[in-house]
Amino acid sequence: MSSVIVVGSQWGDEGKGKVTDYLAEDSGVIVRYQGGNNAGHTVSIGDKVYKLHLIPSGIFHGNKTCVLGNGMVIDPKSLIEELEYLKNHGITSFELIISDRAHVIMPYHKVIDEMEEQEKGDKKIGTTGKGIGPCYMDKASRVGVRMGDLVDEEELEDKVRWAVEKKNELLKDVYGADGFDSESVIQEYKKYAEKLKPFIKDASVFLEQAYNRGEEILFEGAQGTLLDLDHGTYPYVTASNPVTGGACVGAGAPPHLINSVVGVVKAYSTRVGDGPFPSELTGEIGDQIREKGKEYGTTTGRPRRVGWLDTVILNYSRRINGFNHIALTLLDVLSEFDTIKICVAYKYRGETIEHFPASQKILSECEPVFEELPGWKEDISQIQDWDELPDAAKSYIKRIEDLTSVPVSIVSYGPRRSQTKIRNKIKNK
């Protein structure tokens, strides 16, 4: 039995959904352990493209158990809509388990999210407005509503009445916004509870039993390392921990259960929202990459900022997460350039920096130190074998391995499952 974690190594949007879908064929259980519907995972199967926000991407293989862990914050309405979306596409042969310890996004969380972002003005962090941060704030303040409360009407009513009273004071007195009617909120969430009750269980008990049965377990992170609350580019971060350590806390799984960590690396860099971005491309090359890579947010539709690959970031992510493997994605997007660059260090006030700084003030002053490599101006999207890759593409991959000391074990060069090659064994692949 083996368990693998798929982790984003950059600012999210690395292609974790595709990698999870590919590895899920050998897994009986797929687990999301943090975040909420601020995540957006895209999976292409044949000519069909599926977009998910809450349910793990491995669901498309059928006969899998998908777990939403305690570290998640769940919008019940969004989850029910996603289940309907899957049903309408004929995806029904799966089991769903929702941790009774996962927290519930309430309607006031979304309004507070928007109000707080507006108040920040030019210092906004680029939130998705889904209520993720305020829900995690209530969790940390020990006043949140959990999924387990949905199956206890009395507990749900008491918690919602108290919370709505307090949130209305905040909304009206601080933001000048309209409040909520507690009874309407209670009735709305009772309807959600009726649909979700069968799935709400103690997920950690299930995971222990699955582990003891010898099931293959795959953990799917949302967002990426640089959006991690503790290790990301704070304050431009999410409110949870997408890194490897977050999987144990956010799923209720012991560390010894984890065998391998796959760091998903986009062949170039992207970022949504504000914050420093040393290798950013703001000219024609950046526009070319954005259009060819379809770099627009799955959840927000916002255009992503684009830059060259940054191995200062990759080595930071490697250290934080303990990567055993790299899954390199969107390699085909770089196929039209004569020269490709990799950022290998930063210059800060004349000093060379090789380690990723915690200070956003320092990072904003860092200039990239680039290595240039020859590009390959040929289509690689239809290759069937590793040997068919152009030598320049192989050299690019080899240089990433040299700079990070991690093998590139998976190479993806298009959105479809067939456009993926395994170079080194991960689990049973």
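Cβ coordinates come from backbone N, Cα and C, glycine included.
If you check Swiss-Prot, you get these features:
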ACT_SITE  ASP13  active site, proton acceptor
ACT_SITE  HIS41  active site, proton donor
BINDING   12-18, 40-42, ARG304, 330-332, 412-414  GTP binding site
BINDING   ASP13, GLY40  Mg(2+) binding site
BINDING   ASP13, GLU14, GLY15, LYS16, ASN38, ALA39, GLY40, HIS41, THR128, ARG142, GLN223, THR238, ARG302  IMP binding site
BINDING   THR298, THR299, THR300, GLY301, ARG302, PRO303, ARG304  substrate binding site
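What Swiss-Prot annotates, mapped onto the structure for a quick look.
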| residue | record | DSSP class |
| --- | --- | --- |
| GLY15 | GTP binding site | coil |
| ASN38 | IMP binding site | coil |
| THR128 | IMP binding site | coil |
| THR300 | substrate binding site | coil |
| TYR413 | GTP binding site | coil |
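For GLY40 (Mg(2+) binding site), the number of other Cβ atoms no farther than 10 Å from its own Cβ, over all displayed protein chains, is 19.
For GLY12 (GTP binding site), the nearest neighbour among the binding-site residues THR128, GLN223, THR300, judged by Cα separation, is GLN223. THR300 (substrate binding site) sits 19 Å from LYS18 (GTP binding site), taking the CA atoms of both as reference points.
Look at the recorded positions LYS18, HIS41, ARG302, ARG304 and count other Cβ atoms within 10 Å of each Cβ; ARG302 has the fewest.
Note: the Cα of the residue listed as 'active site, proton donor' and the Cα of GLY15 (GTP binding site) are spaced 7 Å from each other. Scoring each of the binding-site residues (GLY301, PRO303) by how many neighbouring Cβ atoms lie within 10 Å, the top position goes to PRO303. Between THR128 (IMP binding site) and ARG304 (substrate binding site), the C-alpha separation comes to 13 Å. ASP13 (active site, proton acceptor) has its Cα within 10 Å of the Cα of these binding-site residues: GLY40, GLN223, ARG304, taken from GLY40, GLN223, PRO303, ARG304, TYR413.
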